[in-house]
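Participant: Annotations for this protein, taken from TrEMBL, read as follows:
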- 5-80: domain 'TECR-like N-terminal' (DOMAIN)
- 155-308: domain '3-oxo-5-alpha-steroid 4-dehydrogenase C-terminal' (DOMAIN)
- 85-107: transmembrane segment (TRANSMEM)
- 166-184: transmembrane segment (TRANSMEM)
- 196-215: transmembrane segment (TRANSMEM)
- 235-250: transmembrane segment (TRANSMEM)
- 256-276: transmembrane segment (TRANSMEM)
Amino acid sequence: FVSYQVEILDWKTKKQLCFLDKVEPNATIREIRLMFHKLYPQWYPARQSIKLDPKGKSLRDEEILQHLPVGTTATLYFKDLGPQIGWTTVFLIEYTGPLFIYFLFYFRMPFVYGLDERFTSSPHPVVNLACICHSFHYIKRLIETVFVHRFSHGTMPLRNIVKNCLYYWGFAAWLAYYINHPLYTPPSYGKKQINFAVIMFLLCEAGNFSIHVALSDLRRNGSKTRKIPYPTKNPFTWLFFFVSCPNYTYEVGTWISFTIMTQCVPVGLFTLLCFIQMTIWAKDKHCTYLREFKDYPSLRMPIIPFLL
């Protein structure tokens, strides 16, 4: 076989960092990352972005050298992504925070509402119900992180964890402060509104979990190759007929129901921000599906059936 020579340059300065000789044509980008790591131990594979073009997209681990648009002397570009942290660790940190932060307000710790209100309970049953639902949501997320999720990207930049934690932990504190406040007033339509919201909440949580399991099953053998998700026998997955990211649809539904249940403005604002962010993610995923699969179902929208 014809062996390849791989030249790796710094993406910014174009300075040659290394020259790999006699590389097998069927070598993957992952294998090239490992070769590069041997020469530069400080840049472990997860920290490396290897590109064909300095301003282009990072090559995936499974891409094969001879299938890339390069000659037998290939020029690749390296970018340092900075210190990385595993996605499982990221999610465990992000989701554990809101769980415990909420309890500080629910149990009315002395430094929250003042000494007069410490360790008192709310006279409104909906406050207890909101705590149960909020806790259930984040416990479910933690369980999914450990037992269900399979990540296509193993890590994310360490610097992002601070931003993500500020978002999740900060909003958890804001919501909890108002829902558990001594002056909190229950929803206008009483039990009917609360019962409707609880049913909606549980259905959306079940739907979200079902979608995560369906997506996980696509990568049961450990493959990182992207596949088209399709509905299964589980009715909650039938939303795949109409949207590309039903997990986001159900997630937004969960927070809409929590907003209805608590009738609290900060919860509504958090739900709106969630919807905006998840719509951005859903559109990005939808475009990726359309780009990678010519036979992708034409009826699907990113997040809202027939609309968005």
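In case you wondered, yes, glycine gets a Cβ from its N, Cα and C as well.
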Participant: Return the stretch with the most CB pairs under 8 A relative to the transmembrane segment (166-184), choosing among 85-107, 196-215, 235-250, 256-276.
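Facilitator: Checked against 85-107, 196-215, 235-250, 256-276; highest Cβ contact count belongs to 85-107.
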Participant: Would you mind splitting the domain 'TECR-like N-terminal' (5-80) into helix, strand and coil residue counts from DSSP?
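Facilitator: Across the domain 'TECR-like N-terminal' (5-80), DSSP assigns the residues as follows: 17 helix, 29 strand, 30 coil.
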Participant: Across the whole of the domain '3-oxo-5-alpha-steroid 4-dehydrogenase C-terminal' (155-308), what does the mean pLDDT come to? Round it, please.
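Facilitator: The answer is 94, the mean pLDDT of the model over that range.
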